[in-house]
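Annotated domain 'K+ potassium transporter integral membrane' per TrEMBL: 24-510, in sequence order. Among the features that TrEMBL reports, domain 'K+ potassium transporter C-terminal' is placed at 523-760. The transmembrane segment annotation in TrEMBL covers 58-79, 147-170, 190-208, 215-237, 294-314, 334-361, 382-406, 412-436, 443-466, 472-494, 506-529, 549-567.
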Amino acid sequence: MRKLEGLEISTEKRSSQALLLLRLAFQSLGVVYGDLGTSPLYVFYNTFPRGINDSEDVIGALSLIIYSLTLIPLLKYVFIVCKANDNGQGGTFALYSLLCRHAEVRTIPNQHRTDEELTTYSRSTFHEQSFAAKTKRWLERYAFRRSALLILVLVGTCMLIGDGILTPAISVLSASGGIKVNQPKLSNDVVIVVAVVILVGLFSMQHYGTDKVSWLFAPIVLLWFLLIGGIGLFNIWKYDTRVLKAFSPVYIYRYFRRGGRDSWTSLGGIMLSITGTEALFADLSHFPVSAVQLAFTALVFPCLLLAYSGQAAYLMQNKEHVFDAFYRSIPDRIYWPVFIVATAAAVVASQATISATFSIIKQALALGCFPRVKVVHTSKKFLGQIYIPDINWILMILCICVTAGFKNQSQIGNAYGTAVVIVMLVTTLLMILIMLMVWRCHWILVLLFTGLSLVVECTYFSAVLFKIDQGGWVPLVIAAAFLVIMYVWHYGTLKRYEFEMHSKVSMAWIVGLGPSLGLVRVPGIGLVYTELARGVPRIFSHFITNLPAIHSVVVFVCVKYLPVYTVPEEERFLVKRIGPKNFHMFRCVARYGYKDLHKKDEDFEKKLFDNLFLFVRLETMMEGCSDSDEYSLYGQQTERSREGLVNDNGNTTSSFADPTISSIDSIVQIKSPAHANFTGMSSGQTSSQAWVDQTEFLIKCRDAGVVHIMGNTVVRASRDSRFYKKIAVDYIYAFLRKICRENSVIFNVPHESLLNVGQIFYV
């Protein structure tokens with residue numbers, strides 16, 4: 001009986017897991033596959049922009065589409081690349097974050113050893129003599145290799161931003177083109193006006209978010225796939241079953257042999273059948289890989305094959321209708337319902353790409369590669385649903401310019417293909433490093449993956465090069481503009497960090513000033529914001545040498561982003577004491593992942609003080625501890641620091657008397673006191689009283705007023721710099737600094753509590 005009951009429970013568990021997987025696969029349709037699903041609207045038109053000369057060309061083109069869908073979306077992305085997600089997060093920066101955790105390739109070296117103790121900071125270890133270790137050392141050896149890796153990631157990111165402009169343009173314009181098919185008397189300008197109106201409405205609704213309507217996305221896309229699959233099956237039966245011969249790759253060879261260069265350049269149109277594949281990875285979000293794989297193999301892939309085969313069957317009998325093959329192949333009775341669903345599917349596909357663009361810009365912003373812009377959470381339930389107003393309007397203007405400027409799908413398709421193939425090439429190059437260092441695959445498997453991917457993608461890339469003058473230049477110009485912005489901003493950020501690192505104040509100098517720091521200590525708390533997670537920033541010395549007073553309590557606040565998707569709330573803050581206790585100086589490091597967002601309220605300041613009070617309490621309690629296990633738990637984290645500088649309970653060692661000390665590098669993660677059982681308290685009452693006294697002192701200082709001290713560092717190019725460096729630093733970076741959001745706005749600092757400390761340095 002017990003065996004039967006256990007069998008029933010396990011069967012119920014498996015069935016519930018299967019139902020959950022099916023539900024997630026269904027939900028992934030609306031987020032992940034909208035862009036890929038709308039490709040049948042425009043593929044054949046872009047493949048044969050001059051018309052079809054031979055019916056056999058249709059079979060050859062269909063064969064290329066079938067094997068492109070099989071090799072790139074199915075094998076490469078769904079079954080390989082999607083497994084390289086960063087805790088469910090996809091996209092170029094997710095791959096870069098994985099690499100940053102496995103090798104020291106970040107150009108801004110602001111990580112601390114305690115960052116690696118985060119629960120979300122997962123990484124694999126490997127033997128020093130392994131191929132992965134050799135690859136790691138090769139990558140870390142020279143700075144230009146790290147810079148080249150960053151530029152590669154930025155190129156992929158900029159091309160994805162280009163996708164965010166071109167996908168809405170071509171999807172909505174192609175869907176709107178159905179009006180003209182049913183009403184031939186309408187001019188092309190009417191179609192463009194309808195497309196522009198839809199695009200303006202789409203971008204104008206972004207600030208509301210998709211939380212309230214996202215439940216509609218999956219049913220719309222599901223209905224769309226069922227419709228195009230059903231229509232395709234009907235057209236194969238009605239028009240020509242010979243198109244099924246396209247499953248033989250022989251027709252690819254015949255297609256190229258017959259058409260020569262024209263067949264080769266037509267690959268730029270055929271490549272549009274796999275557009276949306278990179279967005280598939282970027283929009284992976286929190287869907288499990290198994291759900292994405294199930295949705296693609298069970299529904300998306302077969303429906304796309306049927307849709308393209310059905311259009312090919314129709315074109316075998318109606319070659320003159322290639323310019324609007326999709327709408328011409330729809331049975332008359334269901335024409336308008338399909339048109340409505342097509343328009344809705346185009347909007348869903350555009351929404352998914354716009355959301356992916358917002359997400360990747362947020363990631364770039366977190367890693368110091370994009371100017372500070374306003375980021376708004378549009379959902380309380382889902383962390384990834386964000387809205388960036390400035391980027392939204394820029395995308396809308398560029399999208400309308402592309403739609404109204406080109407006026408036809410062919411040139412937009414050429415532009416779209418260029419952007420997509422470059423993103424795929426970037427992903428392939430990053431995946432080589434992922435497979436070597438993260439997955440530790442055998443080099444033969446890496447070579448096989450690289451060879452197959454590059455053969456297909458370089459073939460497509462060579463084809464789109466022929467169409468650069470026919471619209472393919474658009475994503476290159478857009479990407480170049482964004483690349484200049486992102487790289488110059490990152491360069492300026494890096495130089496500012498290096499300046500702070502090299503000019504930080506000697507701890508011996510601070511200790512030599514005495515508890516009063518050579519000034520009058522006035523009631524209140526001064527929060528000094530700095531990019532340094534270690535050491536005392538130069539702005540502090542600049543401040544105390546130019547002003548006669550300083551606050552009773554000084555807290556150095558460092559907000560930094562780590563190469564992880566999120567940092568749990570309970571692990572966010574690291575607190576330590578700087579100098580002896582009577583100096584009343586602390587450091588607080590707030591850590592965020594690239595998906596985390598500062599909330600626009602007093603929550604940050606409140607949590608900062610809560611963690612500061614908790615640190616003081618733990619510090620005081622530990623002073624009364626004997627050498628118990630709990631005490632050792634905190635001591636282990638900074639064993640290397642304790643020997644010469646300061647121990648983790650805040651007590652200064654004899655090293656403080658040594659004037660040669662330049663800095664103190666010991667940061668303690670604040671843990672909940674509920675997890676510690678403090679025993680062996682020799683003087684519990686004394687420690688408790690000391691904690692109360694210190695807490696009352698901190699509360700009294702906080703009530704007296706909190707002042708936020710921020711450095712306003714101006715970067716200038718030195719006189720002997722080359723002209724391009726002067727343009728980049730003195731004009732582009734200075735302009736970006738002027739128009740981007742101030743740190744005080746991001747941290748929601750009241751103007752009456754803000755004190756800016758200016759300084760200029762030359763690079």
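Quick reminder: no glycine exception, Cβ is built from N, Cα and C everywhere.
Automated prediction, rather than curation, is the source of TrEMBL annotations.
The transmembrane segment (443-466) is not in contact with the transmembrane segment (334-361), judged by fewer than 3 CB-CB distances under 8 Å for residue pairs 6 or more apart in sequence. Using the rule of three or more Cβ pairs under 8 Å, pairs at least 6 apart in sequence, the transmembrane segment (215-237) is in contact with the transmembrane segment (334-361). Recorded stretches compared: 190-208, 412-436, 472-494, 506-529; the one with the most Cβ pairs under 8 Å to the transmembrane segment (147-170) is 412-436. Across the residues of the domain 'K+ potassium transporter C-terminal' (523-760), the predicted structure has a mean pLDDT of 69. Most Cβ pairs within less than 8 Å of the transmembrane segment (190-208), among stretches 294-314, 334-361, 412-436, 506-529, belong to 334-361.
Remote same-chain residues near the transmembrane segment (412-436) are listed as 42, 45-46, 72, 80-81, 84, 92, 95-96, 98-99, 131-132, 135, 139, 149, 152-153, 155-156, 159-160, 162-163, 166-167, 169-170, 173, 268-269, 271-272, 274-275, 277-278, 281, 402-403, 406, 443, 445-446, 449-450, 453-454, 457-458, 460-461, 464, 467-468, 470-476, 479 (criterion: CB distance under 8 Å, separation of at least six residues from the stretch ends).
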